[in-house]
Every structure is written in C-alpha cells, then in structure tokens.
Amino acid sequence: MSDAKSGHFDVEKSSGYGTLDDAHEANLLERLSDDVPRSKFAKLWAIVEFLDKYGVEARGIERVTPNQRTQSSPLAPFWMWLAANMTISTFAIGCLGNSIFYLGLKDAALTIIFFNLLCTLPVAYFSTWGAKLGLRQLTLSRFSFGYFTSQFPIILNCIACIGWSVVNSIVGAQTLRAVSTSHQIPTAAAIVVIAIGTILVSFMGYRVVHLYEQYAWVPVAIIFIIYLGQIARFTKSDFGGSGTVEAGDVISFGATVAGFALGWTSLAADYTVRMPEEMPSVKIFFWTYLGLNVPLILVETLGAAAMSTFNQKTTWADAYAENSVGGLLGAGLAGPMGGFGSFLLVIMALSIIANNIPNMYSLALTFQNIHPYAQAIPRIFIVIVGSAVYIILAIVGASHFEEWLETLLNILAYWLAIFSTILIEEHLIFRHGKWSNYNPDDFSNWRKLPLGVASFVALTCGVAGAVLGMAQTWYIGVIGGMIGDPEFGGDIGFELAFAFSAIVYPPLRWIEKKYWGY
C-alpha cells in the first residue's frame, strides 16, 4: 500500500513538489495526514483543485518546507511593504496630526519619523521568522502563546484585518467621489469597486500578491510627487504649540502612528514563508524595514503638510470638510489640473487595493488558525466571505471615517504591543534566539506547545496597562488623564501595555516551562 493510500503522505518526500510550478498543491494538501478534516469540504476542495491549475494558491497555514521555497530575491519584502504603504490610507494617518490632535507640521513630522522608526522594528524582525520556519505569523504565535491562548490574538487579528479593510475602503470611496463634484459615484458603488480589485489579487494568493505589490507603488509615488508640487507653496511649517497640552497631543498622535506601523506585525511572516531558509536574516530585516519606513514617513508627512495649507487655501479646507481625505487630494489634483488631475485621483483611489490585499490575504490565514475545521475551509472562500463582510461594514460606516480610524489605530497599538512583546521575549529568552529550538511541525500539537497560562496572564496585565494609559474620546485612563490637557489626556496605552506584559511574562513563563515542559 502506498503512503498516500494509507493516509500517511509526506509532502517533503513527495517527488514533484519541490517547486510550485510543477505541482498541484490542492491535491497534495488533501492527502496530508495532519488531522485537518478537508473531506468535510470536499466540494469546495474540488473547486480549489480546478483553480490550482491556473495559478490560484491552494495552501493555507500548512508549513512551507525548505524544498518548496521559490522566492529567491531579498528585495521581495521591500516591494511588498513599499506598495502596501504607498497609499492614501498612509496619507490619511498624517492628516490626523492636525485634524484630531491640532499639531503643527513640524511637530507632526517629528512624531511621524520617531514612532515609525521605532514601531516598524518588530515588523522587520518577524519577517525574518517566516523564512526560517516556513509558518505564517499567527501560526508562529502558538509557540509563544500556546494553542489555546493564541485564540485571543487570532480573533483580534481577524477583527483588525476586517477593520482595516473597512477604513481603507471608506477613504478610497471618498477619493473616488472627489473626482467629480457634479456626477459623484455613490459611496456604496465606490466601495464595491475597490473590493473587487482587492479580491482578484488576494484570491490568487502569495505569488500574485507579491507580483502586484512589486509594481503597484510606481504610479502612486509619481502622483504623490506631483501632489507635493501642487501644495508645497501653500504649506505652513510651524510648531503647533508648547507645554503639557502639546506633549499630550504629540503622545496621542504618536500612538496613532504606532498603531498603523505595528499593524503589520501580525501579518509580517505571511509574506516571507516562501523565501529560502538560508537567506540571511539581516537582508530580510533591512529590506523590510526600509520598505516600510520610506512610504510611511514620506507619505504621512505629506498628509500632515497638506493639512497645513488651509490658511492660504480655504477652498481646500471646504473640500476636506466635504469629502475628508479624498476631498483634500482632489483639491490639489483635480482642482488645478482639470481632467488629468481627475484621472490621477482615480489612480490614487485605487491605490487602496495595495493596502487592502495584505489584510484580506492574511485574514484567511489567520482564520484558519482558529480550529482544524477552519483550516479545512479553503483559503479562497474565506477571502470571499471576509470581503463581503467588510463591504457591508464600510457602506454602513462611511460617514464615521475619522472616528473609526483613530479608535481602530489606537486599539491596534495596544494589543499589538503585547503581541510583539510576548513573541520577542519567548524567542530571545526561552528559545535563546535559536531556530533549532523550534520544531515547526509541532504547530498543531497543543501538547508540545506552551500551556498558555503565562501568555494569558501577561496579555491580561498588558490590557490593564492599556486601559490605565489610554486616552480615547469614549474613555480616558487614570494615567492617560494625567498627561496633557486634563479634558483629553495623552494616550500612553501602548507604552504601558508593552511595559506591563514585558515585566509579567518572563517569570511566569519560566514557571510554566519548568512544570509543563514546553
């Protein structure tokens, strides 16, 4: 009896599975002996097997073994994150410095630079993990959180992926509506247009995602340069103020910037799992870090600069009030440049697709970590369902863009600070920074993973720190209220979340490992 018939199929030893171009992944995945009940969804897998022949990725969170790696360029993470952040969502973050926190251009720019350089470090670091272990980011979290406690970051990341897609679609729709003042596209239609573009690429999978992102940034970067030329003479380079009130605003805006940058930590390894195991980590780290910071710093600063033009261009302020970020972009492009400017604005609106693609692609991978039954659902169908959900939410929430954006960013900063802290401490302290101290094939065996008590308590303490330090419109923490304006406070929730979890996790994990063994 062959291994396949007996149910013990070894993908690594299978001839013809060394590369992706000469194998049908769907057929091989169905024959894996990994206790995933794919037969329960046999009809769905039949569709996947057909689509697999045309280049649609069938693989979900199953490990990519070293002999299946085909992505040899160390520049791949650079193009990936350059395109994903060279979008109007990034521009919108910079706009919040003035619209929500009333910062001057210089204050906003310095805050943008500092918090991005700091908060992209864990994203670049986690990107190196995908190449070393061949596992997706939330799957990797099981080696720190344990099988059961990892459900918390898994659920939170599903919410984050949907939430980001909602916010991105709204800002893209606003931009499409700003193309014309007389014949505006309905918001719902604009959101659907953006969603269709996102689905097409994320549906295809890893290779097409990377291919799209490699080139998607080029026209957007050119248009941003044109936009800079249009607004440069109207910008006002100043500091917003001074004293404790200003400090509170800077810290709160910093938390917002941090939330956007840290948002990629829960997805980072998803996009390096097909890179060679022997690829130097320093190369992956460097190109990821550069690919993140070039667009984040430059485009967010451009957004902050655009908000400083309102004193000289009151009509731009009106455009922003009517169509938010889309109106502001339209004022600088479609206003002075006519039809050509409107064309550029359409391209800018569609740039949102590059930002939404990682969210939808990683949503499917994150969802599969919930349970073997979730893993048994083919990735492509999760993408479709997730897209339908965020389309509905975006249409409903289109009129609350800024409030949703600020709240989402800060909450992301809170939990991702905890997530990053626990993963890094586990790797450096308890696994001594050595990949040989991981057995990647144990990712689905809860008995060979941490028990999860230490991570749960550290997570809980981190949340307590976030609550104490947060400063939201709907709640101001005890410590957060002591910073800046007493009425609004200063948000240090993500800093306290990091500190509390960082202190609690090591001693509890030491006890857990001593008695549990893993």
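Please read every residue number as a count from 1 along the shown chain.
Every residue gets a Cβ built from N, Cα and C, even glycine.
What TrEMBL records for 78-102, 108-131, 152-173, 185-203, 215-232, 252-273, 285-307, 327-355, 376-399, 411-430, 451-476, 488-508 is transmembrane segment.
Taking pairs at least six residues apart, the transmembrane segment (152-173) and the transmembrane segment (215-232) share fewer than three Cβ pairs below 8 Å and do not count as touching. Contact between the transmembrane segment (185-203) and the transmembrane segment (376-399) is supported: at least 3 Cβ pairs lie under 8 Å, counting only residues 6 or more apart in sequence. Counted as Cβ pairs under 8 Å, contacts with the transmembrane segment (411-430) are highest for 488-508 among 108-131, 327-355, 376-399, 488-508.
Counting only same-chain residues 6+ beyond the ends of the transmembrane segment (285-307), those with a CB under 8 A from a CB of the stretch are 74-82, 85-87, 90-95, 97-99, 103, 105, 108-109, 112-113, 116-117, 120-121, 123-125, 127-128, 217, 224, 227-228, 231-232, 235, 257, 260-261, 264, 268, 316, 320, 325, 328-329, 332. At the 8 Å Cβ threshold, with sequence separation of at least 6, the transmembrane segment (327-355) lacks contact with the transmembrane segment (108-131), having fewer than 3 such pairs. Most Cβ pairs within less than 8 Å of the transmembrane segment (215-232), among stretches 78-102, 108-131, 488-508, belong to 78-102. Of the Cβ pairs linking the transmembrane segment (108-131) with the transmembrane segment (488-508) and spaced 6 or more residues apart, fewer than 3 are under 8 Å, so the two regions do not touch.
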